[in-house]
């Protein structure tokens with residue numbers, strides 16, 4: 001009986017939320033002769049747990065923008081005439097472009113769910129921002145691996161919030177979006193960068209380091 005009562009309360013609460021736009025429109029229509037602006041703020045695309053995870057999504061956008069520029073700096077370091085590592089330049093440029101386009105897609109998704117973008121959300125402390133991007137090849141792969149793991153863990157946090165089975169949190173649509181657009185991609189990126197890092201470690205530990213590094217860069221360029 002107790003569970004039935006809880007179900008009834010949740011059902012009525014959901015029904016009331018679903019009809020909030022109808023009430024707004026009804027009240028606005030009753031005030032047709034009034035000069036006051038009608039209040040139809042509930043007639044939007046917000047539903048589920050978007051308000052709960054909105055700040056986290058906004059912060060995730062800003063993280064992607066920041067990491068896009070970091071990857072771009074890493075890429076340009078290898079594009080100069082001294083380094084001339086076209087494979088590394090291509091690898092980090094692709095990651096930079098991916099993070100930028102993902103940030104745009106996330107902003108569109110926030111708008112689709114009725115939210116607005118806040119570019120100040122979750123901004124990192126300036127003391128925590130990496131300033132050195134002129135890295136050796138192995139260091140740059142390690143930095144990229146750390147970046148991808150950080151993005152993956154942030155996606156897990158958002159997914160965990162949206163997947164909570166409570167009326168004010170549970171949002172399977174957000175959970176599905178995070179899984180399809182981020183979770184699987186991050187797993188692939190982490191596996192790829194781990195493989196690159198381990199392979200380069202073995203090459204640098206071998207007798208022909210310079211030649212091995214050159215051939216490894218050629219391999220990255222062919223991907």
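Counting begins at 1 with the first residue displayed.
Glycine is no exception: its Cβ is also placed from the backbone N, Cα and C atoms.
All annotation found in TrEMBL is predicted automatically rather than curated by experts.
Here TrEMBL flags 1-16 as signal peptide.
On the 0 to 100 pLDDT scale, the model's mean across the domain 'Ferritin-like diiron' (47-204) is 90. The annotation domain 'Ferritin-like diiron' is assigned in TrEMBL to 47-204.
Among the features that TrEMBL reports, Fe cation binding site is placed at 148. The Cβ neighbour count for residue 148 (Fe cation binding site), using a 10 Å radius over every protein chain in view, is 22.
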